[in-house]
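One structure below.
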Amino acid sequence: LLFAMGLGTTITFASSHWLLAWMGLEINTLAILPLMCQSHHPRAVEATIKYFLTQATAAAMLLFASITNAWITGQWNLEFMSYSLPTTLVTVALALKIGLAPLHAWMPEVLQGLDLTTGLILSTWQKLAPFCLLLQINPSNTSLLLILGLASTLIGGWGGLNQNQLRKILAYSSIAHLGWMILVLQFFPSLTLLTLLMYFVMTFSLFISFKVNNSTTINSLSMSWSKTPIISSMVPFILLSLGGLPPLSGFMPKWLILQELTKQSLAPLATLAALSALLSLYFYLRISYAMTLTMSPNTLLNALPWRLPSNQHTLPLAITT
């Protein structure tokens, strides 16, 4: 299944024909569905069905848009999206596929139903193929992308404030970061790729840290100090980096995006995006506070695990951190 997932993404990457691109996305979706419901828990099955329905809708829209484009222009090439209707349809379909606001509602729900490993695949690898298509079609209607991007940064900020579930917080953080990428997509595509890469690295290390700690709620994080002291002291750095705090690497893409937006004389938009990053920063701070600055009342039994040899593989976590 993992191989098929890789294959689907690769087909989309390599395609210059709309039908092939659609096929890659479809293989990708079908390959991750069994991984999502492998625990056979009702919550996981529900999440899988929600994911399947949204992805199928998005894929159908994409196919419809590409057929419309082929019908108008007489060719199936990805680059020649010269008419506004098919281009807009494709953009909306891909926005639904990656979960941009206001088409984001499935994302927190689905992520909440999965275990952390599959959630990691969903919030990193599954974003690659749609992004590849978005970068290639180079949408002509600038305002649509800017609206999608700004809505995503704002909703990603507001949505995460009230959450106690880590996976939902990660989902909202994902929506916010995708919004930042979309804002700068048409002005500076390579900056979008840089942001995507940085987001992947930070999200990977965060998911793996939570997996090592085996924690899915903020409350269970306060136990992490007695389980894994070193990881617990490193996680706030990852969180603040995700929030975009200056000395950390997550600040770099945000800074460059703000710079690019002001160059394009979109200063009000840049201001709103920067303010929405503060909202995200608030709930990242909340997690780091729960994780490192509070000590839960511990018994000796809880303080034991870090003295015992761990069977978790922490090398990839160390590298990405």
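Cβ coordinates come from backbone N, Cα and C, glycine included.
Where the annotation comes from TrEMBL, it is an automatic prediction and has not been curated.
Annotation comment: TrEMBL describes 15-279 as domain 'NADH:quinone oxidoreductase/Mrp antiporter transmembrane'.
Among the features that TrEMBL reports, domain 'NADH dehydrogenase subunit 2 C-terminal' is placed at 281-321.
Sequence-distant contacts of the transmembrane segment (49-72), counting only residues of its own chain at least 6 positions beyond either end whose CB sits under 8 Å from a CB of the stretch, comprise 18-19, 21-22, 25-26, 29, 32-33, 36, 81, 83, 85-87, 89-90, 92-94, 96-97, 106, 109-110, 113, 122. Look at TrEMBL and you will find 49-72 (among others) tagged as transmembrane segment.
Annotated transmembrane segment per TrEMBL: 84-107 (among others), in sequence order. Within its own chain, the transmembrane segment (84-107) is flanked in space by residues 25, 50-51, 54-55, 57-59, 61-62, 64-66, 68-69, 72, 126-127, 130-131, 133-134, 137, 139-141, 144-145, 148-149, 151-152, 154-156, 171, 174-175, 178-179, 182, which lie at least six positions past its ends and keep a Cβ under 8 Å from the stretch.
What TrEMBL lists as transmembrane segment is 143-162 (among others).
Residues or ranges marked as transmembrane segment by TrEMBL: 169-188 (among others). If you look at the transmembrane segment (169-188), the same-chain residues 6 or more away from its ends with a CB under 8 A from one of its CBs are 95, 98-101, 104, 107-108, 110-112, 119, 123, 127, 131, 134-135, 138-139, 142, 145-146, 148-157, 159-160, 163, 195-196, 199, 203, 206-207, 218, 242, 253-254, 256-257, 260-261, 263-264, 269, 273, 276-277, 280, 283-284, 287.
The transmembrane segment feature in TrEMBL is assigned to 194-212 (among others).
The feature transmembrane segment is assigned by TrEMBL to 224-245 (among others).
Proximity of distant same-chain residues to the transmembrane segment (265-285), defined by a Cβ-Cβ separation under 8 Å and at least 6 residues beyond the stretch ends, is recorded for 146, 149-150, 153-154, 156-158, 160-161, 163, 169, 172-173, 176, 179-180, 183, 239-240, 242-245, 254, 257-258. If you look up TrEMBL, you'll see 265-285 (among others) marked as transmembrane segment.
With a cut-off of 8 Å between Cβ atoms, the residues of this chain six or more beyond the transmembrane segment (143-162) that come close are 88, 91-92, 95, 100-102, 104, 108, 168-169, 172-186, 266, 269, 272-273, 276-280, 282-283.
Model confidence over the domain 'NADH dehydrogenase subunit 2 C-terminal' (281-321) is summarised by a mean pLDDT of 79.
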